[in-house]
Amino acid sequence: MEFTKGHGTGNDFVILPDPDGALELTPELVAAICDRRRGLGADGVLRVVCAAKHSDGAALAGEAEWFMDYWNSDGSFAEMCGNGARVFVRYLLETGLATPTADPLPVATRAGLVHARLDGEAIAVEMRRPRRYAASAAALGGLTLPGTAVDVGNPHLVCPVPAGLDLAGLDLTRAPGFDQTLFPSGVNVEFTAPAEPIDGIDGHVLMRVYERGSAETLSCGTGACAVAAVALDDAAREVGTVAVDVPGGRLTVTITDDSCWLSGPALLIATGTLTLP
Ligand SMILES: N[C@@H](CCC[C@H](N)C(=O)O)C(=O)O
């Protein structure tokens, strides 16, 4: 079957066009596609399905033509993927499945409707406003790092790295421990450190992430939104713009009274034919 490979700040995806929802994707097949040695290699799969043709998208079919069927690289589902949504929209626009208009483009996801627009060379996606809801902690290499649970449609735990500990030096080859009661379906864990202020931007943070279902990735869009929400809260601000530098580049998050815009590069890099195992 035909595939396209794309990424947003190094968070990479295999995009599978399947307008009629005819493809029988299984966790095993997704994991095989995402395998970096025996498959194409990716952090996740984005299946492009008509909203009306997918059981998780049908309820939104009156509002959005396309449903983003997102899967993590281990074959698990996630409710939302911020970088995935931006790459998904780039795909819709470049293949002519959607046309750029003055109005934001609606896309159906498991976390509800999101809206996208071109932002210069970048693609920006409007998601729900992140919600801080509990104090918690992550365990990493014998350390316990206090953090904040944040709901961005999917679950996040934002843990600032204490002064004296090097963010770049953290060993994220293994999954951090977390409170299984607070996060019964797992959690994406973001580790952060403050960065130099940038003129005209309300906050600037460095972030690394260990993603539920995909291990360490170069970037996580919803994670950046969670991090931005905590940074603004800590600065006693309700709204504002935060630059979040991830190993794969820079994401810009703008939190408004009732939503959250995530902006950054979204690129398609290859197309081809995949021989399904
Ligand atoms: N990389 C994504 C998040 C993907 C889903 C996540 N791993 C989960 O299981 O919740 C992003 O850019 O938001």
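Numbers run from 1 along the shown chain.
Placement of Cβ uses the backbone N, Cα and C atoms for every residue, glycine included.
What TrEMBL says about this one:
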- Cys81: active site (ACT_SITE)
- Cys81: active site, proton donor (ACT_SITE)
- Cys220: active site, proton acceptor (ACT_SITE)
- Asn11, Asn72, Gly82, Asn83, Asn154, Asn188, Glu211, Arg212, Gly221, Thr222: substrate binding site (BINDING)
Cβ-centroid neighbourhood (8 Å) of the substrate site, Asn11, Asn72, Gly82, Asn83, Asn154, Asn188, Glu211, Arg212, Gly221, Thr222 excluded: Ala78, Met80, Cys81, Gly84, Val209, Ser214, Thr217, Cys220, Gly223
Which of Cys81, Cys220, all active-site residues, has a Cβ with the fewest other Cβ atoms inside 10 Å: Cys81
Cα distance (Å, whole number) from the residue listed as 'active site' to Asn154 (substrate binding site): 8
Between Glu211 (substrate binding site) and Cys81 (active site): CA-CA distance (Å): 11
Among Asn11, Asn154, which are binding-site residues, the residue with the most C-beta atoms within 10 angstroms of its C-beta: Asn11
For Gly82 (substrate binding site), the three-state class that DSSP assigns: helix
DSSP three-state assignment (helix, strand or coil) for Asn154 (substrate binding site): coil
Cβ contacts of Gly82 (substrate binding site) (under 8 Å, same chain, 6 or more positions away): Val125, Met127, Val152, Cys220, Gly221, Thr222, Gly223, Ala224, Cys225, Leu262
Longest CA-CA distance among Asn11, Asn72, Gly82, Asn83, Asn154, Asn188, Glu211, Arg212, Gly221, Thr222, per record bound to substrate, angstrom: 16
Cβ-Cβ neighbours of Glu211 (substrate binding site) (radius 10 Å): 29
Other CB atoms, at most 10 A from the CB of Gly221 (substrate binding site): 29
